[in-house]
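What TrEMBL says about this protein:
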type	residues	note
BINDING	HIS107, ARG108, LYS123, LYS130, LYS131, GLU132	substrate binding site
Amino acid sequence: MAEPPRDIFRLSRDWLSVQEVVDSVSSSRCGAVSVFIGVTREDQVEGRKVIGLQYEAYEAMVQSELSRLAAALRARWPSLLHICIHHRLGWVKVGEASVVMAISSPHRQDGQEAIQHAVTQLKASAPIWKKEVYNTQESSWKENSECSWSQRGGASD
């Protein structure tokens, strides 16, 4: 009997486990598990050092957007089997994962293309907001350039 596709989405205030995400999409039917790990990076902004990010979300709408994203991925790459996206909320210090996603597919090309597309679309459509916190104790809300409402429009970060 064929294994039914699974979509797994989680918003969490806790540390994200890459292994848990990978395990959740693994299948003997698939020769590839494509993974993306978005990590909070140390950055310099106008002479201030980023020490972490604070994430907030409209959680019910995020779940809806992730379901829509998974359906779009499956329509574009029908060979995908399982899709898993975990995203942190709350405080995420430099060096920790903010998002972990994995997609299983029989062959690597579909999974790799799908994961790249998923990252871009997640940033463009999911109502998740981030605030950079600096070593000066100042902070600033950041806009994803992929968002349709972005003033910058189109560039990736």
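Cβ atoms are placed via backbone N, Cα and C, with glycine included.
Highest local Cβ density among the binding-site residues HIS107, LYS123 belongs to LYS123, counted as other Cβ atoms within 10 Å over all protein chains shown. Put plainly, the binding-site residues ARG108, LYS130, LYS131 were compared by Cβ crowding within 10 Å, and the winner is LYS130. For GLU132 (substrate binding site), the count of additional Cβ atoms within 10 Å of its Cβ stands at 18 [all protein chains shown].
Across the annotated binding residues for substrate (HIS107, ARG108, LYS123, LYS130, LYS131, GLU132), the two most widely spaced Cα atoms sit 37 Å apart.
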